[in-house]
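Annotation source TrEMBL lists domain 'SAM-dependent MTase RsmB/NOP-type' at 40-332. Annotation comment: TrEMBL describes Cys143, Ser144, Ala145, Pro146, Gly147, Gly148, Lys149, Glu166, Asp197, Asp215 as S-adenosyl-L-methionine binding site. Annotation source TrEMBL lists active site, nucleophile at Cys269.
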Amino acid sequence: VFILIIRNTGKSRRQPCPAVLDHFDQQYSEELGDLWASARAVLLDPPSWQYGVMLNRFSSVTDITQILRSQGFSSLLPQTDSESPPKFPPSSLQCYVHPHPLRFPSQAHRPGQLKQYYLLNAASLLPVLALQVRDGDKVLDLCSAPGGKAVAIMQSATPALLCCNEPDPHRRDWLAKTLESFLPPSLCSRVMVSAQDGRFVGQSEAGFYDKVLVDAPCSNDRSWLHSSDKLRGQQRLEDRARLPELQTQLLRSAISAVRPGGVVVYSTCTLSSLENCAVVEAVLKEFPDAEVENLWEEIALPLSKYFALGILVVPQPGRTWGPMFLSRIRKKR
Ligand SMILES: C[S@@+](CC[C@H](N)C(=O)[O-])C[C@H]1O[C@@H](n2cnc3c(N)ncnc32)[C@H](O)[C@@H]1O
């Protein structure tokens, strides 16, 4: 198999939206201090962005690992026989990363044919690792489209049920296509797609799930910074102000949907503390039977930066993963 790897070039450089950049400069220089200057440089430079290659364990094509290794990719997650930290629980999840911004070509959707790999920002795997899905778990992916984390969950273990919820009809179609492209028909009975408003799942399915992922709608810093025009950028800044309320409602609903002893992972792809720590903090006040767990020991990746209520991955030159915030909340027994 011949695979052409694309090196990102300056030709695809997109212009940042001045209003969004100005807003980020004000907020993030205050919240992140010196770290913002280097994160800013990465966010403004799409050709420097790295991409992870998550393998599909259900694809019968097996030579992809060899190709990746020969191109200089290496495994992001430590091999199970490795002695060196960090140690993750054994998992069949495999993702390859490259030190340079090389981009593997994406594969087209072909009905009836499973894709071999999924391209992603490797930090997106952290919420899935934190969820610690085990065989037989009942799992809810509350905000699921386009389905990257749902695919990663199914690479990690074989849950009894994975409910992928997405209320937006177009994004739900995209999600269904992703699942069809990566999962064999034999898993159909375990994986279902639902269309609920996630804010109300906690009432309708209280205490039903072992694990719930809330990969919340958020201000997606990477893409919002490159908003196509001024109006769109300004609209997004208005949306940004409203997001913490929706995120709070979704996290509240997720904690209600999990059984005592179960876990909720809350994640976003923004650096904004108002959508991250502040949301977790506000919701925890309402649930004395829930507590945040310390992920530092467990997910101590060199590209993560620790915050009191979770982990924030701040993109840095040469390690452009993130932005990604995650926090794991356990409901006491
Ligand atoms: C960050 S994206 C999820 C990405 C996805 N987890 C993945 O890894 O591919 C957030 C999703 O939440 C959905 N969403 C928005 N409002 C929602 C709500 N009230 N309940 C559930 N999902 C919602 C959006 O349509 C969007 O698809």
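In case you wondered, yes, glycine gets a Cβ from its N, Cα and C as well.
Just so you know, TrEMBL annotations are computer predictions that nobody has curated.
It is 20 Å from the Cα atom of Asp197 (S-adenosyl-L-methionine binding site) to that of the residue listed as 'active site, nucleophile'. Across the structure, Gly147 (S-adenosyl-L-methionine binding site) and Cys269 (active site, nucleophile) are spaced 15 Å apart at their Cα atoms.
Counted over every protein chain shown, other Cβ atoms within 10 Å are most numerous around Gly147 among the recorded positions Cys143, Ala145, Gly147, Asp197, Cys269. Cα of Cys143 (S-adenosyl-L-methionine binding site) to Cα of the residue listed as 'active site, nucleophile': a distance of 13 Å. Spread of the S-adenosyl-L-methionine binding residues is 20 Å (greatest Cα-Cα distance among Cys143, Ser144, Ala145, Pro146, Gly147, Gly148, Lys149, Glu166, Asp197, Asp215).
Its Cβ taken as reference, Lys149 (S-adenosyl-L-methionine binding site) is surrounded by 22 other Cβ atoms within 10 Å in the chains shown.
Ala145 (S-adenosyl-L-methionine binding site) sits 14 Å from Cys269 (active site, nucleophile), taking the Cα positions as reference.
Across the fold, the C-alpha of the residue listed as 'active site, nucleophile' and the C-alpha of Lys149 (S-adenosyl-L-methionine binding site) stand 13 Å from each other.
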